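**Student:** Here it is: the structure, laid out below.
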Amino acid sequence: MLTADYIVLGLLLVFVLIGALVGFGKGLKFFTSGIFGIIISVFVCYLIFGLVLSWSVVSDLLARFNEWLREQGNVGTFFADIYIDRVVLAVVLFLIVQIVRMIIVKILKSIFEIDNIFVKVINKVVGAVFFAAVFVALLLFAFQIVSWIGGDTAANFLSYFDGSALLLDKLYLNNPLNAIFS
């Protein structure tokens, strides 16, 4: 095992212990509120924007909005030409995702924080799994940042993981975030 393997295992253990101590309800609230919540909402909007844009109802509404803009004169035509309709759609989609995210988090937090011994144990176990998943997501994101930097930094980074018992070199090369952020 490489030093990197021990570091990753140590950090994973720390995240799992924190998850077990904090529990799923509080952990979910922490990782989905504030700046984390905004980042999650932006990411979800990025993933579903094309899907929502392809819906015929949305396309028709945007076409009518563009038509109305063009009827308003030069300023309206300018806004139609720079696709302000898509910006409006992105903002509305972001607000909807934010509201849905807050509702889901509030419901899940309420369920997992019921004062019952069985639910408390489940809360701790799911919290440990959740924090492990958060650690893996952060690790993948760190790998993605190094991949974006590229050059000698990426080559040195990859050589540092060569022969990893945890297959960190394979994980770096086959990072699923590459497909999303390509």
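Just so you know, glycine gets a Cβ as well, placed from its N, Cα and C.
Annotations per TrEMBL:
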type: TRANSMEM; residues: 6-24; note: transmembrane segment
type: TRANSMEM; residues: 36-58; note: transmembrane segment
type: TRANSMEM; residues: 78-104; note: transmembrane segment
type: TRANSMEM; residues: 125-149; note: transmembrane segment
**Student:** So which residues does the transmembrane segment (78-104) touch in its own chain, when a touch means Cβ under 8 Å and the partner is 6 or more beyond its ends?
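**Tutor:** Answer is 32, 37-38, 40-42, 44-45, 48-49, 52-53, 58, 62, 65-66, 69-70.
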**Student:** Determine which residues of the chain contact the transmembrane segment (125-149) at the Cβ level, with the cut-off under 8 Å and only residues 6 or more beyond its ends counted.
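**Tutor:** The answer is 8, 11-12, 15-28, 31, 112, 157, 171-172, 175-178, 181.
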